[in-house]
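Everything below concerns the one structure shown next.
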Amino acid sequence: MTMFVALDFPDWKQTEAFLYKNELQGVPVKVGMELFYKEGPSVIEKLKRNNHSIFLDLKLHDIPNTVHRAMKNIASLGVDLVTIHTLGGSEMIAQAKRGLEHSQTKLIAVTLLTSVDEEVVQHQLRLPGNIPANVAHLASLAKANGADGVVSSVHEVASIKKTCDTSFLTLTPGIRFDSSDVHDQKRVATPEMANQVGSDFIVVGRAITQSDHPYTAYMEAKKRWEEASDE
């Protein structure tokens, strides 16, 4: 069980100020597109020097050979987790895993973004079936082609574990202290909800980064995440 703090900042200066002025050195962190595309691999090196576990959330989605070569470079960074899109297909997923074969980095596949609702699935993407059915299918595709796990809202974790095996990892973003606080993610949850359905990892962003007291918010989220199973 690991809780990642989403470093949704535009540059290293703001990231550094947030982490180290708030006594958050060494906490597991998520680096997304905004920060990585601004700072490049150097941000990973800086975070590793300060003993952070790192979830690199780039959601790669390209032709298989391009993703394979990108993953070989990502493998050299030594991050703990990295994401791709399952909608790139079986060969892309397999080539992504192949690019990581000499590293300890785990491959996590995105099924449907947590910002997507049934309206988008049915009328914009025109995918057959509802969200749970599509997520289960894409999770099975990811597992069959070597992925270590998938990104999943709390609503799909149980079905993924049932379909793919309990050892198949699930990472749940969109964690809030109040499940009605949705912002731009439609399928959100609290730390307790994620624990109770069996999520292996969670990502907490605004609830910590926009708090007046980030360290206190971090400790509260961590406590709620870790202790929910004891209730």
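Residue positions begin at 1 at the first shown residue.
A Cβ is built for glycine as well, from the same backbone N, Cα and C atoms used for every other residue.
Pulled from Swiss-Prot, these are the features on record:
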- Asp8, Lys30, 57-66, Thr114, Arg176, Gln185, 205-206: substrate binding site (BINDING)
- Lys59: active site, proton donor (ACT_SITE)
### Query
List, in sequence order, the same-chain residues at least six positions removed whose CB sits under 8 Å from that of Gly205 (substrate binding site)?
Val5, Ala6, Asp8, Lys30, Pro173, Ile175
### the residue listed as 'active site, proton donor': tally of other CB atoms within 10 A of its CB
16
